[in-house]
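Only one structure is covered here, and it is reproduced in the block below.
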Amino acid sequence: MSGDQAPSLAILGAGVMGETVLSGLIRAGWNADRIVATDRRPERQRDLTERYHITMLDNTEAAAQADTVIVVVKPQDMAELLDEIAPVLRPGTLVVSLAAGVDTAFMEARLGEGIPVIRVMPNTPALVDEGMFAISGGTHSGQEHLDHVTEILASTGRVVTVPERYQDAVTAISGTGPAYLFFVVEAMIEAGVHMGLPRDVATELVVQTMLGSAKMIRETGEHPTVLRERVTSPGGTTAAAVKVLEDHKVRAAFLGAIEAARDRSRDLATAARAAAAEAAAAESSPGEGAGR
Ligand SMILES: NC(=O)C1=CN([C@@H]2O[C@H](COP(=O)(O)OP(=O)(O)OC[C@H]3O[C@@H](n4cnc5c(N)ncnc54)[C@H](OP(=O)(O)O)[C@@H]3O)[C@@H](O)[C@H]2O)C=CC1
Ligand SMILES: O=C(O)[C@@H]1CCC=N1
């Protein structure tokens, strides 16, 4: 472990999700001088420094100093980033990936023997401390690593440990899930506006209804079908609405959409491996165009 003064956590690739984690740590009381981050674009680096008072470094400087390195680049950029930091990691440094599709075997193969890795699927509601994180350990990680990552992430949401084989489905449900719910909210607001409600009134009605319904599911512990049935008066408005949703096969559309997300998560693993193979080919024959 590094000394008291050294940064103990590095966030490599501070885009949307990297900043979500970063802001959560700061809100949870982490001292900004214990966090370093990286990003490719200088204007983004300046912006993050101004807003969070953290130090922006390059990837190797950050990875060499931190006890825990969180990698949050797109799956296709992961091979290049892991190859860049592998030589500078100190033994025992924990590497945590938040990328969809990138499995622990892929990370371990690039980082080398003995580097513990954890795969996490986060979601953006962590920005308001209501995130959902599912974490899985790799071959060289133990319970202490899972506990450490749980402690870091728990400040911004709930954390569950799952077998890694569930991660593509998790990605489709909770990682991608906020987008489905935002989509439903958008559609309901537009319906309100279509029927003549002022947009701000429609938004207030829909957002509070979404929040209240989520809270009701959690706090009553009742099955959603039971809660829906309680809203559905015989011959009433809800029955009329649900019939239209069933006629349009909305339930089947959700199943299809979520399966598509799960399949895309699997494809991203293939894409990450293809990007790695392409980079290796370019490295071994630099004269043929794609060499760095
Ligand atoms: N957004 C979400 O809701 C969720 C995202 N994730 C995962 O998080 C990861 C990031 O997604 P997201 O935050 O949305 O994407 P972003 O594009 O917003 O963030 C990635 C950031 O990393 C930067 N970057 C890329 N390569 C490097 C590098 N080699 N060194 C330093 N910085 C680099 C990018 O810079 P540049 O813009 O120049 O490319 C960008 O700022 C993905 O793997 C995704 O699967 C997981 C769950 C939810
Ligand atoms: O769309 C994506 O690929 C990322 C992963 C889960 C949510 N956003």
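One is the number of the first residue shown, and numbering goes on along the chain from there.
Including glycine, each Cβ sits where the backbone N, Cα and C put it.
In the three-state DSSP scheme, VAL16 (NADP(+) binding site) is classed as helix. Listed in sequence order, THR124 are the same-chain residues six or more apart from VAL16 (NADP(+) binding site) with CB atoms under 8 A from its CB. The NADP(+) binding site annotation in TrEMBL covers LEU12, GLY13, ALA14, GLY15, VAL16, MET17.
ASN59 (NADPH binding site): 22 other CB atoms within 10 A of its CB, across all protein chains. ASN59 (NADPH binding site) falls within a helix when secondary structure is assigned with DSSP. As annotated by TrEMBL, NADPH binding site applies to ASN59.
Taken from TrEMBL, the feature domain 'Pyrroline-5-carboxylate reductase catalytic N-terminal' applies to 9-101.
The domain 'Pyrroline-5-carboxylate reductase dimerisation' annotation in TrEMBL covers 164-268. For the domain 'Pyrroline-5-carboxylate reductase dimerisation' (164-268), the model's pLDDT averages out at 98.
Of the chain residues outside the NADP(+) site list LEU12, GLY13, ALA14, GLY15, VAL16, MET17, ILE11, GLY18, GLU19, ASP39, VAL72, VAL73 have their Cβ within 8 Å of the site's Cβ mean position. Sequence-distant neighbours of LEU12 (NADP(+) binding site) (same chain, 6+ residues apart, CB-CB distance under 8 A): GLY18, ALA37, THR38, ASN59, ALA62, ALA63, VAL69, ILE70, VAL71, VAL72, VAL73, LEU81, ILE85.
When the binding-site residues ALA14, MET17 are compared by the number of other C-beta atoms lying within 10 angstroms of their own C-beta, MET17 comes out lowest. DSSP places the residues of the domain 'Pyrroline-5-carboxylate reductase dimerisation' (164-268) in helix, strand and coil in these numbers: 90 helix, 0 strand, 15 coil.
For GLY13 (NADP(+) binding site), the number of other Cβ atoms no farther than 10 Å from its own Cβ, over all displayed protein chains, is 22. All chains included, 15 other C-beta atoms sit within 10 angstroms of the C-beta of GLY15 (NADP(+) binding site).
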